[in-house]
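Straight from TrEMBL, the features:
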- 80-99: transmembrane segment (TRANSMEM)
- 111-130: transmembrane segment (TRANSMEM)
- 136-156: transmembrane segment (TRANSMEM)
- 163-182: transmembrane segment (TRANSMEM)
- 188-205: transmembrane segment (TRANSMEM)
- 217-238: transmembrane segment (TRANSMEM)
- 250-270: transmembrane segment (TRANSMEM)
Amino acid sequence: GYRAAPHWLSRGPGRAAGIDVLQQPVLPRSVALAQLGYFTSFRPAGHDTQVKSEGPKLVPFFKATCVYFVLWLPTSSPSWFSALIKCLPIFCLWVFLLAHGINFLVSHRSASCILAGLIFSAVGDAFLIWQEQGYFIHGLLMFAITHILYSSAFGMKPLDLKAGLLMGIVSSSCYAFLYSYLSGPFTYLVAVYIALIGFMGWRAVTGVQLCNDLWTWTKLSACVGAMLFMVSDLTIALNKFCFPVPYSRFIIMATYYAAQMLIALSAVGTRDEEDFRKRS
(Lines of atoms letter the chains of each structure in order from A and count residues from 1; the text may use other names and numbers.)
(Lines give C-alpha, C1' and ligand atoms only; values in the text may rest on other atoms or scores of the structure.)
Protein backbone atom coordinates (compact mmCIF):
# COMPACT_ATOMS: atom_id res chain seq x y z
CA GLY A 1 0.00 0.00 0.00
CA TYR A 2 0.98 3.64 -0.16
CA ARG A 3 0.82 6.39 2.41
CA ALA A 4 -1.08 9.58 1.80
CA ALA A 5 0.96 12.71 2.50
CA PRO A 6 0.09 16.41 2.75
CA HIS A 7 0.66 18.41 -0.40
CA TRP A 8 3.63 20.19 1.12
CA LEU A 9 5.55 16.87 1.21
CA SER A 10 5.00 16.16 -2.48
CA ARG A 11 7.59 17.05 -5.06
CA GLY A 12 7.50 17.40 -8.78
CA PRO A 13 4.67 18.02 -11.22
CA GLY A 14 1.33 16.31 -11.22
CA ARG A 15 0.46 16.62 -7.52
CA ALA A 16 -3.20 16.76 -6.61
CA ALA A 17 -4.74 19.72 -4.89
CA GLY A 18 -4.53 19.54 -1.11
CA ILE A 19 -3.32 15.96 -0.78
CA ASP A 20 -0.80 14.05 -2.80
CA VAL A 21 0.38 10.47 -2.76
CA LEU A 22 3.91 9.99 -1.55
CA GLN A 23 5.41 7.25 -3.69
CA GLN A 24 6.92 5.32 -0.80
CA PRO A 25 5.67 1.75 -0.32
CA VAL A 26 5.11 0.43 3.19
CA LEU A 27 7.91 -2.08 3.72
CA PRO A 28 7.24 -5.43 5.33
CA ARG A 29 8.40 -5.64 8.95
CA SER A 30 11.15 -8.14 8.14
CA VAL A 31 12.59 -5.88 5.42
CA ALA A 32 12.40 -2.82 7.65
CA LEU A 33 14.22 -4.63 10.46
CA ALA A 34 16.85 -5.86 8.05
CA GLN A 35 17.51 -2.31 6.89
CA LEU A 36 17.96 -1.28 10.51
CA GLY A 37 20.62 -3.96 10.92
CA TYR A 38 18.72 -6.43 13.06
CA PHE A 39 19.28 -9.40 10.77
CA THR A 40 22.65 -8.57 9.30
CA SER A 41 24.29 -9.29 12.63
CA PHE A 42 23.01 -12.84 12.59
CA ARG A 43 22.77 -13.98 8.99
CA PRO A 44 26.01 -13.53 7.10
CA ALA A 45 25.53 -12.67 3.48
CA GLY A 46 25.93 -15.52 1.08
CA HIS A 47 25.47 -18.21 3.72
CA ASP A 48 24.05 -20.56 1.09
CA THR A 49 27.31 -20.28 -0.81
CA GLN A 50 29.23 -20.96 2.38
CA VAL A 51 27.26 -24.15 2.96
CA LYS A 52 28.12 -25.38 -0.52
CA SER A 53 31.78 -24.47 -0.08
CA GLU A 54 32.06 -26.71 2.98
CA GLY A 55 30.59 -29.75 1.21
CA PRO A 56 33.75 -30.91 -0.62
CA LYS A 57 35.73 -30.80 2.64
CA LEU A 58 33.31 -33.34 4.13
CA VAL A 59 33.69 -35.89 1.32
CA PRO A 60 36.35 -37.90 3.24
CA PHE A 61 33.97 -38.08 6.22
CA PHE A 62 31.14 -39.45 4.10
CA LYS A 63 33.46 -42.02 2.50
CA ALA A 64 34.79 -43.14 5.90
CA THR A 65 31.23 -43.45 7.21
CA CYS A 66 30.30 -45.61 4.22
CA VAL A 67 33.34 -47.81 4.88
CA TYR A 68 32.17 -48.37 8.46
CA PHE A 69 28.66 -49.40 7.42
CA VAL A 70 29.83 -51.51 4.48
CA LEU A 71 32.40 -53.47 6.50
CA TRP A 72 30.07 -53.67 9.54
CA LEU A 73 32.75 -55.41 11.60
CA PRO A 74 31.33 -57.66 14.35
CA THR A 75 31.42 -56.20 17.83
CA SER A 76 31.97 -59.64 19.35
CA SER A 77 35.63 -59.63 18.31
CA PRO A 78 37.08 -56.18 19.15
CA SER A 79 40.43 -55.29 17.60
CA TRP A 80 42.53 -52.26 16.81
CA PHE A 81 41.42 -52.54 13.20
CA SER A 82 37.74 -52.32 14.18
CA ALA A 83 38.61 -49.37 16.45
CA LEU A 84 40.32 -47.65 13.51
CA ILE A 85 37.34 -48.18 11.22
CA LYS A 86 34.94 -46.88 13.86
CA CYS A 87 37.06 -43.79 14.60
CA LEU A 88 37.95 -43.03 10.98
CA PRO A 89 34.93 -40.72 10.33
CA ILE A 90 35.83 -38.73 13.44
CA PHE A 91 39.44 -38.48 12.25
CA CYS A 92 38.07 -37.03 9.00
CA LEU A 93 36.21 -34.38 10.99
CA TRP A 94 39.53 -33.45 12.62
CA VAL A 95 40.91 -32.93 9.13
CA PHE A 96 37.80 -30.95 8.16
CA LEU A 97 38.43 -28.43 10.94
CA LEU A 98 42.20 -28.38 10.46
CA ALA A 99 41.62 -27.62 6.76
CA HIS A 100 40.39 -24.18 7.82
CA GLY A 101 43.83 -23.40 9.19
CA ILE A 102 45.61 -23.47 12.53
CA ASN A 103 45.16 -19.71 12.87
CA PHE A 104 41.41 -20.17 12.57
CA LEU A 105 41.37 -22.72 15.39
CA VAL A 106 43.66 -20.66 17.61
CA SER A 107 41.70 -17.42 17.15
CA HIS A 108 38.24 -19.00 17.53
CA ARG A 109 37.81 -20.60 20.95
CA SER A 110 34.55 -22.33 20.06
CA ALA A 111 36.13 -24.06 17.05
CA SER A 112 39.11 -25.23 19.11
CA CYS A 113 36.72 -26.56 21.79
CA ILE A 114 34.82 -28.55 19.15
CA LEU A 115 38.08 -29.98 17.78
CA ALA A 116 39.11 -30.99 21.32
CA GLY A 117 35.69 -32.57 21.78
CA LEU A 118 36.16 -34.60 18.61
CA ILE A 119 39.53 -35.82 19.89
CA PHE A 120 38.01 -37.02 23.17
CA SER A 121 35.14 -38.58 21.19
CA ALA A 122 37.58 -40.68 19.17
CA VAL A 123 39.26 -41.88 22.37
CA GLY A 124 35.83 -42.70 23.80
CA ASP A 125 34.92 -44.64 20.65
CA ALA A 126 38.08 -46.70 21.02
CA PHE A 127 37.28 -47.50 24.65
CA LEU A 128 33.74 -48.57 23.75
CA ILE A 129 35.12 -51.13 21.29
CA TRP A 130 36.29 -53.00 24.40
CA GLN A 131 33.31 -52.12 26.63
CA GLU A 132 32.63 -55.78 27.39
CA GLN A 133 36.17 -56.01 28.74
CA GLY A 134 35.43 -53.32 31.34
CA TYR A 135 36.18 -50.13 29.42
CA PHE A 136 32.62 -48.79 29.21
CA ILE A 137 33.16 -46.36 32.09
CA HIS A 138 36.33 -45.08 30.43
CA GLY A 139 34.35 -44.35 27.26
CA LEU A 140 31.63 -42.69 29.34
CA LEU A 141 34.22 -40.39 30.91
CA MET A 142 35.66 -39.41 27.51
CA PHE A 143 32.25 -38.47 26.17
CA ALA A 144 31.41 -36.58 29.37
CA ILE A 145 34.47 -34.40 28.70
CA THR A 146 33.31 -34.04 25.09
CA HIS A 147 29.96 -32.64 26.21
CA ILE A 148 31.68 -30.16 28.52
CA LEU A 149 33.81 -28.95 25.62
CA TYR A 150 30.82 -28.67 23.29
CA SER A 151 28.87 -26.73 25.92
CA SER A 152 31.79 -24.32 26.21
CA ALA A 153 31.85 -23.95 22.43
CA PHE A 154 28.13 -23.11 22.26
CA GLY A 155 28.48 -20.50 25.01
CA MET A 156 26.06 -19.11 27.58
CA LYS A 157 24.34 -16.43 25.47
CA PRO A 158 21.44 -16.17 25.14
CA LEU A 159 20.61 -17.79 28.47
CA ASP A 160 16.97 -18.78 27.71
CA LEU A 161 15.95 -20.28 31.04
CA LYS A 162 12.71 -21.63 29.58
CA ALA A 163 14.65 -23.85 27.19
CA GLY A 164 16.90 -24.88 30.07
CA LEU A 165 13.90 -25.84 32.18
CA LEU A 166 12.43 -27.87 29.32
CA MET A 167 15.73 -29.66 28.73
CA GLY A 168 16.00 -30.31 32.46
CA ILE A 169 12.55 -31.92 32.48
CA VAL A 170 13.44 -34.12 29.50
CA SER A 171 16.77 -35.16 31.05
CA SER A 172 15.18 -35.88 34.42
CA SER A 173 12.47 -37.97 32.78
CA CYS A 174 15.06 -40.04 30.94
CA TYR A 175 17.01 -40.67 34.15
CA ALA A 176 13.84 -41.49 36.08
CA PHE A 177 13.05 -44.16 33.48
CA LEU A 178 16.58 -45.60 33.58
CA TYR A 179 16.97 -45.44 37.35
CA SER A 180 15.27 -48.75 38.18
CA TYR A 181 17.59 -50.55 35.73
CA LEU A 182 20.81 -49.08 37.13
CA SER A 183 22.95 -50.44 39.92
CA GLY A 184 26.32 -49.83 41.51
CA PRO A 185 28.39 -46.89 40.28
CA PHE A 186 26.22 -46.53 37.16
CA THR A 187 23.45 -45.12 39.35
CA TYR A 188 25.56 -41.99 39.85
CA LEU A 189 27.65 -41.98 36.68
CA VAL A 190 24.64 -42.10 34.39
CA ALA A 191 23.01 -39.28 36.37
CA VAL A 192 26.07 -37.06 35.91
CA TYR A 193 26.37 -37.99 32.24
CA ILE A 194 22.70 -37.22 31.52
CA ALA A 195 23.08 -33.87 33.28
CA LEU A 196 26.10 -33.01 31.12
CA ILE A 197 24.56 -34.00 27.80
CA GLY A 198 21.31 -32.27 28.78
CA PHE A 199 23.26 -29.10 29.54
CA MET A 200 25.04 -29.37 26.19
CA GLY A 201 21.70 -29.81 24.43
CA TRP A 202 20.33 -26.74 26.21
CA ARG A 203 23.24 -24.56 25.09
CA ALA A 204 22.88 -25.79 21.50
CA VAL A 205 19.12 -25.19 21.40
CA THR A 206 19.33 -21.62 22.70
CA GLY A 207 21.44 -20.60 19.71
CA VAL A 208 18.44 -21.10 17.45
CA GLN A 209 15.68 -18.50 17.74
CA LEU A 210 13.50 -19.28 14.76
CA CYS A 211 10.57 -17.18 15.95
CA ASN A 212 12.77 -14.06 15.95
CA ASP A 213 14.78 -14.99 12.84
CA LEU A 214 17.92 -14.67 14.99
CA TRP A 215 19.67 -17.75 13.67
CA THR A 216 22.23 -19.00 11.20
CA TRP A 217 22.60 -22.33 9.42
CA THR A 218 25.56 -23.18 11.66
CA LYS A 219 23.58 -22.61 14.85
CA LEU A 220 20.80 -24.76 13.44
CA SER A 221 23.27 -27.53 12.63
CA ALA A 222 24.62 -27.38 16.20
CA CYS A 223 21.10 -27.72 17.58
CA VAL A 224 20.17 -30.67 15.36
CA GLY A 225 23.56 -32.28 16.04
CA ALA A 226 23.07 -32.03 19.81
CA MET A 227 19.59 -33.58 19.56
CA LEU A 228 20.92 -36.48 17.47
CA PHE A 229 23.74 -37.00 19.98
CA MET A 230 21.14 -37.32 22.73
CA VAL A 231 19.14 -39.84 20.68
CA SER A 232 22.29 -41.88 20.08
CA ASP A 233 23.27 -41.94 23.76
CA LEU A 234 19.74 -42.67 24.94
CA THR A 235 19.65 -45.66 22.57
CA ILE A 236 22.95 -46.88 24.05
CA ALA A 237 21.54 -46.59 27.57
CA LEU A 238 18.30 -48.38 26.73
CA ASN A 239 20.10 -51.16 24.90
CA LYS A 240 22.74 -51.67 27.61
CA PHE A 241 20.73 -51.24 30.80
CA CYS A 242 17.07 -51.83 29.95
CA PHE A 243 16.17 -54.03 26.99
CA PRO A 244 17.46 -54.92 23.51
CA VAL A 245 16.63 -52.17 21.02
CA PRO A 246 15.96 -53.43 17.47
CA TYR A 247 18.64 -52.25 15.03
CA SER A 248 20.32 -50.52 17.96
CA ARG A 249 23.80 -50.46 16.47
CA PHE A 250 22.60 -48.86 13.24
CA ILE A 251 20.52 -46.26 15.11
CA ILE A 252 23.36 -45.48 17.50
CA MET A 253 26.06 -45.05 14.87
CA ALA A 254 23.94 -43.30 12.22
CA THR A 255 22.71 -40.65 14.65
CA TYR A 256 26.17 -40.39 16.25
CA TYR A 257 28.05 -39.75 13.01
CA ALA A 258 25.40 -37.29 11.82
CA ALA A 259 25.57 -35.47 15.17
CA GLN A 260 29.34 -35.16 15.10
CA MET A 261 29.32 -33.91 11.51
CA LEU A 262 26.72 -31.23 12.25
CA ILE A 263 28.51 -30.07 15.38
CA ALA A 264 31.83 -29.91 13.50
CA LEU A 265 30.09 -27.96 10.74
CA SER A 266 28.76 -25.47 13.30
CA ALA A 267 32.34 -24.49 14.15
CA VAL A 268 32.68 -22.86 10.73
CA GLY A 269 29.97 -20.35 11.62
CA THR A 270 32.17 -18.59 14.15
CA ARG A 271 34.52 -17.55 11.36
CA ASP A 272 31.78 -16.61 8.90
CA GLU A 273 29.87 -14.45 11.40
CA GLU A 274 32.95 -12.62 12.66
CA ASP A 275 34.21 -11.98 9.15
CA PHE A 276 30.80 -10.60 8.19
CA ARG A 277 30.76 -8.30 11.22
CA LYS A 278 34.18 -6.95 10.21
CA ARG A 279 32.95 -6.27 6.68
CA SER A 280 29.87 -4.52 8.08
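Along the chain as shown, residues are numbered 1 onward.
In case you wondered, yes, glycine gets a Cβ from its N, Cα and C as well.
A TrEMBL annotation is a machine prediction, not a hand-curated record.
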- Note on the structure: Ranking 111-130, 136-156, 163-182 by Cβ pairs under 8 Å to the transmembrane segment (188-205) puts first 136-156
- Item | Touch test for the transmembrane segment (136-156) and the transmembrane segment (111-130), at least 3 Cβ pairs under 8 Å | yes
